[in-house]
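Here is what Swiss-Prot says about this protein:
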type   : residues : note
REGION : 18-21    : region 'Interaction with substrate tRNA'
SITE   : S84      : site 'Interaction with substrate tRNA'
SITE   : R105     : site 'Interaction with substrate tRNA'
Amino acid sequence: MLSLDAARDFNGHIVNADSMQLYRDMDIGTAKLSHSARQGIPHHQIDVIDPSSEASVARYKLSAQTCIKHIHALNSIPFLVGGSGLYVSSVVHNLQFPPTDGRVRKLLEDEADKSGIGVLHDRLLKLHPGFTVSRGNRRRIIRALEVAYITGRSPNPVLPLQNRANNFIVINLICDKGTLDIRLQKRVESFYDNGLIDEVRLLQEKYVLGRTAAKAIGYKQAIMYLAGEISCADAKDSTLQETIRLANKQIKWFRRYSGQHIVDTTDMSVAYEQIRSILNKSFRIS
């Protein structure tokens, strides 16, 4: 992998920025590297919360920043790798997040359970007509209302993507659509070939899965398959379609970053030479 090659050659540590790899025991469906595959390179922000809990980007940002300071203190280089657009941006751009209130959140969760998330969605749009969110995105709707009630302000986040913290070097890995489609299809096939269904079965025996874990791409489909709601073929197809949508969303997100280095990964060996050149110049290594 390109990140492992870079960390190996530049005395680096990997700091995970994939929100789903934060969860313990969710390995196959998140494409988490095994310990042996990590080649002895230190990895951070992996397996840090149970699937029964809910990840928080605000908590993640603070933890990741602490990791980065620790890595710098070791005279090593942190490689933030991922992943989830908001999680990456939270660190790279030092985003500030509104406060939380567990009491308000609980009231909203209970109301959504009783009356349906559509009621809360309608209320949110009445309060802030310009806010855009899918009617079925329960977590984001509840968080938006929580922010609106606590602060009295619009829940729309302001993402200062022109301002970068900590002198990050941003390398955006791209490839043509045909190559991407093939890679995504192979990725999804590997999930099921490597035992995603069994992994989900064990997760259900060990944990009461939280909303995020239960709705994760691949895991949601495996849960539906185990419940007899869909066939294995339909589970695979749905996983692939959601994976493609997520990839397209990530492409659009990272395209907005200013001052980024774009590297075509169609040929991985060529791509790594470009990455090495970028890092050599940035670190002034001859």
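Yeah, the Cβs are placed from backbone N, Cα and C, and that goes for glycine too.
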Distance from R105 (site 'Interaction with substrate tRNA') back to S84 (site 'Interaction with substrate tRNA'), taken between C-alpha atoms, in Å: 23
Helix, strand and coil counts within the region 'Interaction with substrate tRNA' (18-21) (DSSP): 3 helix, 0 strand, 1 coil
Assigned conformation of R105 (site 'Interaction with substrate tRNA') - DSSP reduced to three states: helix
Mapped DSSP class for S84 (site 'Interaction with substrate tRNA'), helix or strand or coil: coil
